Amino acid sequence: MSRERRLPLVLALAAAVVGVLAVASPRAEAELQVGFYNATCPIAEGVVFAEMHAILHEDPTLAPSLLRMHYHDCFVQGCDGSIMLRSRRGTAERDATPNRSMRGYDAIERIKARLETLCPLTVSCADIIAMAARDAVYLSKGPWYGVETGRRDGNVTVAEYAENDLAPPDSNIVDVKTFFSVKSLTAKDIVVLFGTHFPFPLYRFTRTYVRGRQQQPNTHRTDNGILAPPPGSHSIGTSHCEAFRKRLYNFTGAMDQDPSLDARYARQLRKLCPRRGGGRGRRAKVPMDPGSGFTFDLSYYRHVLATGGLFQSDGSLLHDPATRGYVERMANASSPDEYYQDFAAAMVKMGRTDVLPDSLGEVRATCGVFVD
């Protein structure tokens, strides 16, 4: 079945099946379910998708950042939209080092403002972030999956929490497993979610534009007027040299190189990122997945297996039997179907992290309010 036909069918089936469940599950319990807003705001997912299509038409580079925003929101105090809160004193999550390169706040506010005109004080910011992440994936030619909704928004934001709860790019596999395990995520979840590179900042999309305005939530109109599935933007992940310079020049503190890094790949990185790191070297951006304009494919795993990856945390996937086995299987897979299924399951699982009950959460009219 084509993507243009599959998407509305999925939405229709979800609405039909879960509509009954919504009646049996009282809102007061804040239980997550696909179709949570069927009774209170049945157009919610369609509105988010339409806005996301328009947003990525205007700026395709926002897609990976919106995916990363969902991860950063869930890993810090749970999936509660607290990443959107602001502080005049610079002490909010968005002020923390891991979030300083984050983009997409205005996109979430834009979606929220549209929903407020249609369903006031109904759809939470946390749910908007989760749905926007899914739509960013789908519009990048990735899988479509049902997003469980019903999250409440938190009103506490602390920069230090983000500094402590997000795994840095120089983490080894033991550290990475620790960060993920406290969120009830397994080794398989780690290697699956790393396949998107979304835990790390500084992504870029090549400019691929949609010709014409979207006519339906799952289509765009081509030059000859025929409706077609929304084209995903080809993406190339990039990183500043500083994120992995230690791996090249001072891995153990003895002015050495990470021995797990492929020698040929290391030479290429050294040319792009000289030891002194001044001038162009400091401003240089390095592709995280060389040779692939990847739109949610398996090239990340092939790259990690062949070279050890760009970040130490990428290479660390090869140092654990469970994660290495998955990398090898995906690197040699002829189809991304297994990965797509695993990714969808991992995203749903992550989206359940520390969700607030009604008594502790809220639905506010604006996502980025000041807390001080």
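Placement of Cβ uses the backbone N, Cα and C atoms for every residue, glycine included.
A quick note: this is a predicted structure, and the numbers were derived from the prediction, not measured.
Residue environment of His72 (active site, proton acceptor) contains 24 other Cβ atoms, counted within 10 Å of its Cβ in all protein chains. The active site, proton acceptor annotation in TrEMBL covers His72.
Summarising the annotation, TrEMBL assigns Ca(2+) 1 binding site to Asp73, Val76, Gly78, Asp80, Ser82, Glu93.
Here TrEMBL flags Cys41-Cys119 (among others) as disulfide bond. Around Cys41 (disulfide bond), a 10 Å sphere centred on its CB holds 17 further CB atoms from the protein chains shown.
Residues or ranges marked as disulfide bond in TrEMBL: Cys74-Cys79 (among others). The 10 Å shell around the Cβ of Cys74 (disulfide bond) contains 27 further Cβ atoms across the protein chains shown.
Sequence annotations record features per position, and here TrEMBL assigns disulfide bond to Cys125-Cys367 (among others). For Cys125 (disulfide bond), the Cβ neighbour count at a 10 Å cut-off comes to 31, with all displayed protein chains included.
When Cβ atoms from all protein chains are considered, those within 10 Å of Cys241 (disulfide bond) total 20, not counting its own. Look at TrEMBL and you will find Cys241-Cys273 (among others) tagged as disulfide bond.
According to TrEMBL, the feature domain 'Plant heme peroxidase family profile' maps to 31-371.
If you draw a 10 Å sphere around the CB of Arg68 (site 'Transition state stabilizer'), it holds 26 other CB atoms from the protein chains shown. Positions annotated as site 'Transition state stabilizer' by TrEMBL: Arg68.
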Close in space, distant in sequence - Cys367 (disulfide bond), Cβ under 8 Å, 6 or more apart:
Gly81, Met84, Leu85, Tyr105, Ile108, Glu109, Lys112, Cys125, Ile128, Asp153
Quick note, Gly78 (Ca(2+) 1 binding site) and His72 (active site, proton acceptor): C-alpha atoms separated, nearest Å, by 9
Anything within 10 Å of Ser82 (Ca(2+) 1 binding site)? Look among the recorded positions Cys41, Arg68, Cys74, Cys273, comparing CA atoms, and list what you find.
Cys74
Using a 10 Å radius around each Cβ and counting other Cβ atoms from all shown chains, which of the binding-site residues Gly78, Ser82 yields the largest count?
Ser82
